[in-house]
Ligand SMILES: [Zn+2]
Ligand SMILES: [Zn+2]
Ligand SMILES: [Zn+2]
């Protein structure tokens with residue numbers, strides 16, 4: 001199903017009915033409204049102007065649209081900030097982050113929690129049972145503009161309370177963090193500070209706990225809203241719109257309180273801005289399409305975050321916020337929409353209905369231009385709506401053959417202590433994902449500890465802190481299990497395990513990492529494997545083990561270890577190596593990896609196979625003979641797709 | 001005429017008379033003094049030591065020099081700052097900008113305005129009718145060191161007052177800025193903050209108004225000084241010394257209060273520091289000469305700012321403030337001086353008489369060395385003085401054939417919202433200017449709304465906000481009129497015009513820009529025009545029009561539109577394209593564009609043609625047969641010039 | 001002799017005895033302890049827990065180890081900081097540098113001086129006469145993490161007092177600094193501020209005095225500790241562990257209060273992080289060995305700082321703090337140890353005994369792994385210990401043939417006012433040193449004013465401020481004396497000398513630098529010398545002299561001047577030129593410069609010659625026929641060494 005984001009408060013109310021009519025004509029079902037409208041709902045403290053919102057909902061609803069109503073907590077109005085300046089966040093350098101844009105609040109502000117509770121309650125009471133309101137969106141893009149972490153007095157207070165609750169005893173904390181190291185020992189939780197603005201790096205355990213705390217503050221802020229909404233709005237779903245790769249808080253945990261994970265998909269901006277890192281060559285080649293794995297990565301990630309998921313904001317044309325904002329290649333809005341659906345999206349909702357000719361996002365295209373004419377995206381959305389109509393309901397998505405174990409905490413651990421500048425978790429996951437996708441394999445992202453029995457193969461790019469549940473799930477898995485470097489290398493308190501890495505994973509693999517080293521760019525070691533020599537940079541480990549390595553570095557040290565179904569990579573893998581290695585493992589798992597033409601990607605949904613062509617040349621689809629094409633044909637034009645039954 | 005900047009307070013008074021005598025011998029007419037001397041005039045609050053300045057002026061005057069006296073407001077002394085710390089400016093990051101160098105004041109400080117008024121009044125009263133005082137310089141280099149904009153409490157207060165005076169009604173402001181967008185609506189002017197230190201970008205309209213306000217604060221601070229000087233010093237001119245490209249305030253507006261626009265010309269430093277951007281290759285090739293269009297651009301700009309103009313500070317040797325400070329090639333001090341005169345300078349004044357062997361600028365060469373011997377520049381200045389003597393008075397400068405419409409506000413608009421990182425107004429103007437100069441054409445800079453009837457051709461690199469007067473002037477012009485991208489793309493409040501860009505310019509050109517896109521470096525589109533293919537990067541527009549485009553992009557969309565005498569470029573032009581396109585237009589205007597050898601530049605002053613050779617090779621001057629050479633000959637040696645009557 | 005750094009407080013006391021036994025078995029003599037243990041000595045204000053330290057010293061001593069006891073002043077505990085927040089330093093941007101790592105104090109804090117005095121006195125009283133305590137280390141790595149300079153209220157107070165004591169009269173200061181320049185004149189010392197946070201650069205004289213003041217604050221803080229230790233601990237030495245190139249304070253001056261200069265040698269981290277600048281190619285080639293002159297440079301520097309010197313911390317494996325932390329090539333820990341001994345180190349002490357699996361340095365290898373097994377470095381140290389045993393005592397080191405005059409103040413002068421971005425004192429010294437070492441010459445670093453009579457040749461990369469003693473020492477020297485650019489170019493107050501540069505050195509060389517220029521990268525001048533053409537970049541001077549230059553630039557100006565034994569380089573020399581030029585001078589001095597294979601370095605200690613091979617290929621040692629090899633042979637394997645009697 002399709003939807004759109006709409007801001008009735010931006011347009012004369014006389015136009016609302018026509019807008020609603022045209023939305024329905026276009027084939028849209030959902031319309032998201034309200035998430036930045038606090039100043040229009042409560043223009044002065046305690047004075048409410050509900051009439052316009054009442055009317056907007058009624059108008060949209062009467063036209064047959066289902067409303068997703070946003071809570072406006074991402075944009076507290078100026079009067080609220082002036083009354084309570086302590087709600088403002090403080091950046092890492094100690095500067096207050098002021099009013100004038102959005103997300104100007106700290107998750108730890110007690111006052112702001114009260115204010116948010118108040119406005120959400122009022123909204124939920126008023127519209128919770130409105131027949132046109134299908135569901136709620138909490139706030140907007142948590143974490144956007146680096147707002148997960150704040151360094152002000154309220155944050156310090158809350159952090160101390162959180163630590164006290166977690167450790168109980170200050171000596172336990174000192175011991176766990178190793179505070180004896182530089183006389184960093186505390187006598188009480190009241191002595192603990194924030195980890196920013198130290199003379200040199202703070203204790204990495206200090207940072208990790210601050211990251212955990214900050215992540216949980218987002219979740220508890222959201223939970224507070226969800227509880228109100230559930231209390232006053234029975235039968236409605238609750239969604240939040242997540243963003244492109246945002247590791248600052250644990251989405252798996254936050255999403256436990258949601259019904260649906262939404263996410264905001266801007267393939268061009270993400271490619272230009274390295275949301276997942278692209279080479280300079282890729283940035284140019286895919287400037288008008290987005291990197292072919294960019295949207296898919298996030299679809300699969302957020303499907304892992306929550307089985308029900310939406311694209312809450314779909315790029316409809318050029319955006320305003322990247323360094324460079326090209327126009328999508330013709331057909332891409334349709335392609336992106338279909339790709340989201342192929343990956344299992346319940347709804348794809350375009351952002352926004354009409355380009356607003358003022359303020360920060362005036363260069364952000366919409367389905368309609370600011371002169372009220374339809375823009376290019378409008379027609380592509382229309383085509384999708386019609387195609388959906390013709391095809392009928394899509395078959396359900398089963399589990400993918402491959403699971404990728406993804407861990408937000410891993411990102412924190414390696415950000416805090418990379419030990420080699422290029423050891424970036426995001427990059428490591430991204431190259432595992434790309435390697436699998438280039439092999440034509442579908443991938444499910446799962447959190448550590450998730451049941452792995454539905455899968456044929458499991459990859460763990462890295463999992464530094466392995467807890468009991470994760471260990472049990474990995475142990476229970478019998479197919480090919482590929483473990484990346486630094487897995488099991490850290491304790492809960494970011495120390496080195498007493499038995500050395502991979503710590504608890506030594507139950508799976510009898511080996512010990514006795515030394516690690518990071519390599520400067522340009523220093524390449526090499527590896528013999530599968531009859532070829534592969535370059536190794538960035539990271540290398542020295543392993544002691546009774547196992548005979550499956551591959552060795554040029555100096556004879558072991559690089560690749562296998563015990564039964566378990567494979568351990570004692571180095572940072574290059575993409576080409578990964579592709580070869582994972583292909584081998586996939587074959588061992590009984591899968592049929594392919595080598596897809598560059599720019600072509602596949603995705604299955606039940607018996608349907610979707611093929612997407614991101615390249616400027618036509619591609620032949622690897623469809624079996626006699627395949628029945630539901631959309632397109634064997635040759636896919638540039639920026640186009642085919643759907644066939646295999 | 002020639003002059004020099006002199007600091008009697010740096011040298012023993014016993015030396016002043018000899019210095020003055022040698023200045024006259026060298027052929028200098030003007031001497032600027034006093035602009036940093038506050039601590040010597042008023043060493044303690046209310047205690048004045050005029051005697052030395054009395055004597056200095058008398059000594060210089062007796063020697064036959066005409067004094068330009070500077071007001072010392074760029075350097076308030078420490079005691080003043082300690083008494084009134086609130087005069088200090090605050091930077092964008094919220095840090096107070098302290099005492100210890102210069103320009104340590106905010107234009108919005110009420111206390112500082114009073115202090116400035118006090119000291120200027122005392123100076124004007126004492127020397128306003130002194131026969132040796134020919135004129136006054138206000139302050140020194142407004143805006144230097146990023147001092148136009150300040151972010152402190154006094155600035156906030158003044159900004160709110162300014163907005164109140166401009167908008168009267170807060171609802172009008174909210175509506176104009178589109179503050180509904182993110183609940184940014186204000187209930188009163190007292191709620192408005194400064195646009196820095198927001199969580200993400202502030203409303204661009206907020207920034208634009210802050211830029212306008214800041215620009216006007218400079219002008220009103222200057223006006224306050226000018227009014228005092230005019231009241232007490234009848235018959236004397238008032239000048240300010242502007243700098244290399246400084247877009248932060250509108251020089252056209254400020255200069256309305258002046259008699260003469262001075263500017264400070266440092267071609268080598270400007271080339272090294274990208275005051276106008278140079279390629280790495282140009283930086284090396286022109287390291288000892290300055291880019292051949294660098295000084296000329298500014299001469300033409302400041303002549304546009306004010307018909308009477310001076311080079312108030314002329315580089316006389318290596319400077320101290322660039323990353324690299326090479327020695328000028330032999331002859332360049334002479335060449336630069338002549339080039340200023342060729343462009344119409346009334347006076348060229350060298351900075352400084354003698355290198356001061358202490359403090360911040362001790363590596364800045366003067367006409368004399370710190371050991372009191374003449375330096376290289378001395379002899380080159382002497383040669384100019386003699387040549388001027390021999391040639392007699394120079395013919396007056398008429399209007400140039402080409403006008404370039406230059407707009408400070410355009411710089412603000414595109415800085416605030418570039419939409420593509422490489423879309424920089426300065427670069428766009430600079431490439432239009434270079435293209436014209438390489439064609440041997442003289443150029444006048446004019447402000448939007450200026451009378452264009454004297455010109456044969458008009459170029460508008462871009463004019464995003466087109467007001468009534470500018471529109472009328474463009475409409476009235478009948479020669480080739482070339483409009484660059486994004487012209488007419490913005491309303492007064494930095495919104496998109498309701499009829500889409502080019503907004504008001506649709507009266508000239510029946511077209512509508514329905515989409516814009518910015519391209520990453522390396523992504524080249526192409527354009528067919530004049531039988532050639534031209535690369536297009538940075539920026540492209542999608543146009544709807546009944547006009548048949550004169551050139552199309554490879555995808556068939558229109559790139560170049562003409563209606564009558566009007567040409568619209570729907571893209572960011574490369575220099576080579578511009579040169580070809582403007583040559584064609586110039587021919588259509590009846591002009592005779594040439595292709596000059598690299599490094600050679602021409603400039604006409606009445607019937608005289610000046611030819612300047614910036615290259616290390618001799619050049620042949622494109623003089624007609626039988627031309628009479630007033631200086632040099634048909635072949636110009638490196639770093640030399642010729643003057644001929646055509 | 002060998003030693004190790006040990007942290008008993010990190011490990012259960014049950015393990016201490018075994019650790020001590022194994023240290024002795026390994027062949028270690030010294031063990032440094034205690035320098036970060038304040039929170040374990042005084043866990044609460046005034047409550048002391050000496051027992052563990054008593055026991056640790058006793059255990060180590062009983063095992064036959066000699067203890068070096070550190071004062072814990074680099075890490076004041078949290079309770080102290082909370083009681084006295086004013087001890088914290090303030091960074092250049094005005095931000096307080098908080099608790100949570102180390103070195104969180106300002107040298108100017110009066111309270112902190114009292115607290116340091118208190119804890120050092122207590123330690124000295126308790127352990128000063130302990131028979132196992134051989135000596136003391138003051139604090140740890142002064143200046144680390146940019147902590148020499150602080151910009152808080154206590155610093156301002158102390159700076160004013162320091163200036164008052166130095167200048168007595170404020171007019172003298174104004175005159176010396178040239179404060180008239182921009183009305184920067186002060187009426188009293190109370191008006192003076194710190195030089196940071198000015199609008200543009202502060203007066204360079206202001207900065208230079210602040211640098212001098214900051215340097216002296218470190219020395220006086222250290223002196224305070226030394227005096228206490230001497231009073232309470234007769235017969236024990238006092239050492240401090242300096243770092244890789246740390247120009248912020250004058251080590252020559254501080255070391256006057258020490259018995260031994262220690263330094264902390266991390267060749268791989270220094271190479272990766274440009275402690276002395278390496279090319280990208282060198283960073284890769286020497287990633288696992290360190291640049292072949294990196295450790296040697298510092299050995300020679302710190303031997304100049306103090307004749308008795310130690311490597312207090314020797315890298316034993318990968319470290320944690322560089323951008324990239326590779327494992328040393330096999331053999332390098334041994335090679336580095338021998339190289340230190342060859343250069344005259346009294347003791348080489350490994351950092352640390354065992355890798356600590358928590359906190360900031362958990363990735364820093366030790367001689368033992370965190371799982372209590374010996375690591376690679378352990379075995380290499382063991383080999384050295386055995387070799388030392390076999391060889392018996394090493395012959396004493398005489399003076400080297402070449403002295404390099406090194407001046408901390410020169411680093412300050414050129415940092416404050418480089419005049420050309422690439423004019424960096426560190427780079428200049430580094431290239432002189434490399435040139436000499438590639439010629440196989442041993443080098444002594446000496447401070448300006450040191451007696452030069454023991455030397456055959458003296459190089460002065462640059463000495464901008466030449467004081468009486470330095471001038472006399474240079475005048476008295478009769479061998480080849482090579483003076484680099486900008487020598488003698490500055491007065492004590494950072495002005496230009498009245499007679500122009502080289503100021504006082506004009507007593508040695510009758511020349512006058514009348515102009516200087518800095519060149520952008522890529523702008524090469526050239527020089528004819530020795531039958532070849534040499535490229536010159538970065539810096540060039542224009543000289544007037546009655547001397548005929550020994551070499552000229554392409555434009556005919558003099559580049560190289562000689563008067564008797566004195567040679568002056570009026571330009572920034574490239575390494576290749578330096579190597580040729582210094583070879584010529586060395587031959588003139590009767591020395592026999594060689595051209596060593598890349599990666600091979602020599603060092604003499606009495607009649608013994610040590611040859612170190614940093615390259616991945618075997619090398620032939622330039623040993624005379626019949627040389628007797630004490631270690632290794634004529635062919636040195638990669639990462640290995642030979643010792644022979646010449
Ligand atoms: Zn209804
Ligand atoms: Zn007079
Ligand atoms: Zn004992």
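Start at 1 and count along the chain as shown; that gives each residue its number.
Placed from the backbone N, Cα and C atoms, the Cβ positions cover glycine too.
All TrEMBL annotations are machine predictions without curation.
In the record from TrEMBL, residues B:140, B:321 bind substrate; the candidate from B:95, B:97, B:102 listed for the same site is B:102. Those recorded positions from B:102, B:140, B:141, B:313 lying by chain C, with Cβ under 8 Å from one of its Cβ atoms, are B:102.
Other C-beta atoms found within 10 angstroms of the C-beta of residue B:141 (active site, proton donor) number 22, with every protein chain shown included.
Residue B:313 (active site, nucleophile) sits 18 Å from residue B:102 (substrate binding site), taking the C-alpha atoms as the reference points. Cβ neighbour count for residue B:102 (substrate binding site): 24 (other Cβ atoms within 10 Å of its Cβ, all protein chains included).
Residue B:141 (active site, proton donor) sits 15 Å from residue B:321 (substrate binding site), taking the Cα positions as reference.
The DSSP secondary structure for residue B:313 (active site, nucleophile) is strand.
Each of the recorded positions B:140, B:313, B:321 was scored by the number of other CB atoms within 10 A of its CB, and the lowest score belongs to B:321.
For the substrate site listed in the record, the two most distant Cα atoms among B:102, B:140, B:321 lie 17 Å apart. Per DSSP, the secondary structure of the domain 'Beta-galactosidase C-terminal' (B:599-644) breaks down as 0 helix, 24 strand, 22 coil.
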